[in-house]
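A quick write-up on the structure given underneath.
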Amino acid sequence: MKYSANLTALLQTDTVLVAVFEDGSLSPSAQQFDGQGEVSALLKSGDISGKIGEIATFRRQNQRIIVVGAGKPNDINERQFKQITQKAFQAVKPTSAQTLANALTEVQINGRDLYWNIRFGLETIAAESYIFDEFKSKKADPVKLRNVIFHADDKQAQLAVQHGSAIALGVKLARDIANCPPNVCNPNYLAAQAKKLEKQTALLTTAVLGEKEMAELGMHAYLGVSQGSKNEAQLSVMTYKNHPDPHAKPIVLVGKGLTFDAGGISLKPSADMDEMKYDMCGAASIFGVMNALVELQLPLNVIGVMAGCENLPDGNAYRPGDILTTMNGLTVEVLNTDAEGRLVLCDTLTYVERFEPECVVDVATLTGACVVALGQHNSGLISTNDELAEQLFRASQQTQDKAWRLPLSDEYQEQLKSPFADLANIGGRWGGAITAGAFLSNFTKQYRWAHLDIAGTAWLQGANKGATGRPVSLLTQFLINQCQ
């Protein structure tokens, strides 16, 4: 699907979206199509009242006019605008429409501008049109719509389309990878995707470390997790260089890539274990962000790292009670093999020191405790640097890819003490999301660091089961902000 913005398409597309409000008022474009009272008649007859998400349709010559209820004028928030856009697009999908003029750009959203309206609308439409049927013998009927033209034409509108299109593609690619079954998407598959991206642009190169290279570097915590799997662990490093100063320090993004996590010897319950293919959503999101970077060609140096691995029970699997030596020399007593993500990440976070980063942000489906604490709407944010934390929080608010900061203080380190090693890999029952972050902080002393726990936001359950692509939007916005 292609997206653009101009003011000339309103009378040229086969389908148009216009808004009406609860007080009976019409948006400017709705007024334009009310020349013979068609829109007003829908309101008078009660076919539509203007409440959020209501839909009514009429034809005018060769055009299909979809009238969308937009609630109370000048009192519409982001969540309501998303509902308006979703309902509108759901009305378009089953039709034969191929070109759509979207005049919902005229809906005013509290505290937001036209740029935000267009970009958020575009990302919402892209999400609503997402289909993943690669492994179905009978494919879903494709959406006939080919072009969406937003009714606006200034520099901010064009920028919104550019940013939104790149982010929407990044989200789609992240979802595609995450939704793949684990017998397809293993660590080698992640590495192959990174190598494929390298071939698409001169701005990005990819290097892949296998288990031999990791062993030489002393990444024994990472390798300990991988012991039970026949699929070799792979650390995929994507280096994007486009800063005017080639020596500028890179921003490093690290994604946990457990392509399947059975829990190891500390085996997970069988119920919903299939969802543990989503334990690589952190890595998938980093891949999506790097794709968005390539599309936008932002003037930055960024390194994206996907830490691919599997955690399976086997005669060679690591055990509760094992003590592993990490890359930075600290030893870790394994009390639970299902707290494996932090073991993969701690060595990866040590590895990226070599890049002398401006900052490091890791993304991981790390703890069920974070889901208990924050639910499925906000990712958990932990950081040792207030400025970096604020930058990420601001990006989350800009995009509605929400995150909420959790505390991190020395008291939580007390829970990680072990009588036999420098650290234990779990910190007991309380504050599990925070103690996981506290564990990681021991490996981030050389740079500014933040951690996003996406265990509650990376995928949906139930009827809409599947990966969400979060936090691609948040992280891409964070990078865009670095250029301003």
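Cβ atoms here come from the backbone N, Cα and C positions, even for glycine.
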Among Asp245, Asp261, Asp410, Asp422, which residue does Swiss-Prot annotate as binding Mn(2+) 1 at the site that also has Asp338, Glu340?
Asp261
Given that Swiss-Prot lists Lys256, Asp261, Glu340 as binding Mn(2+) 2, which residue among Asp274, Asp279, Asp322 does it place in the same site?
Asp279
With every protein chain in view, what's the tally of Cβ atoms within 10 Å of the Cβ of Lys268 (active site), excluding that atom itself?
16
How many whole Å apart are the CA atoms of Glu340 (Mn(2+) 2 binding site) and Lys268 (active site)?
12
Quick one: pull the CA-CA distance for Asp279 (Mn(2+) 2 binding site) versus Arg342 (active site), whole Å only.
12
I want to verify one value. Collapsing DSSP to three states, which class is Lys268 (active site)?
coil
